[in-house]
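Student: Sending over a structure as structure tokens; questions will come in a sec.
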Amino acid sequence: MQNLDPQELEKFEKMAKSWWDPNGDFKPIHQLNPTRLQYIQQQANGLTEKKVLDVGCGGGILSEAMAKQGAIVTGIDMTVAPLEVARLHAKEQGLVIDYQQITVEEFLQKQTALYAEKFDVITCMEMLEHVPDPLSIIQSCRALLKPNGVLFFSTINHTFKAWALVVLGAEYILKMLPKGTHDYDKFIKPAELLHWTDQANLVCKNICGYHYNLLTGKFWLNQDVSANYMATFQHKSI
């Protein structure tokens, strides 16, 4: 059985046409992208000529940003329309990105069957809260990571504050996101993420929260992980 939720996929299929509209359904992701890209670059010591796997790449906003920094990017997702949008936009930008419609578990099986390809950097951003089995995603990412590679996850804490900001605020009051984009029951506490990553033999190197400024339309990072947060992991042996 594939580790996906058809209802979650349907949400993003419907929003595919607006993926690259900076004022559309994915405006918050466009606003967040410079901040998370800078974080990834800092934690990974740059991206130039590094092999990167973007898990749950959607329409390719982060994939393209990393490719523009010199990374060799593979983007995987299970949605159809967003991947087509991603391929077309990358072509228009003159970027070479390998987009594939496949789950990370299936991608791992394919890599194992063909050859043991590993990645310097793996990103899985704003995805874990949309799948039935986050641990399976984490374990597959770990298996695809080079011994000295860096793995990134971002998700949403399971707190009242997160619900108030992400669901009530962003979806219903400010209408920054379509209603129903997020399911509070699927939000993930940092302790849960750290438990799963420990099971996958990963160690957390950094964790931080990211927050939105309504006046500037920009995000900033700090140590408050009570709502949105992202973290850096490596193999425990590192």
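Cβ coordinates are placed from backbone N, Cα and C, and glycine is handled just like the others.
Taken from Swiss-Prot, the feature S-adenosyl-L-methionine binding site covers R36, G56, D77, M125.
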Student: Between all pairs in R36, G56, D77, M125 (listed as S-adenosyl-L-methionine binders), what's the biggest Cα distance, rounded to the nearest Å?
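Tutor: Max Cα-Cα spread across the S-adenosyl-L-methionine binders: 19 Å.
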Student: For D77 (S-adenosyl-L-methionine binding site), what is the tally of other C-beta atoms lying within 10 angstroms of its C-beta?
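Tutor: There are 25 of them.
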Student: Over all shown protein chains, what is the count of other CB atoms within 10 A of the CB belonging to G56 (S-adenosyl-L-methionine binding site)?
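Tutor: Excluding its own Cβ, G56 (S-adenosyl-L-methionine binding site) sees 22 Cβ atoms within 10 Å.
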Student: Specify the secondary structure state of G56 (S-adenosyl-L-methionine binding site) as given by DSSP, simplified to three classes.
Tutor: coil
Student: Counting only residues 6+ away in sequence within the same chain, which have a CB under 8 Å from the CB of R36 (S-adenosyl-L-methionine binding site)?
Tutor: L62, M125, S154, Y210, F219, M230
Student: How many other Cβ atoms sit within 10 Å of the Cβ of M125 (S-adenosyl-L-methionine binding site)?
Tutor: 22
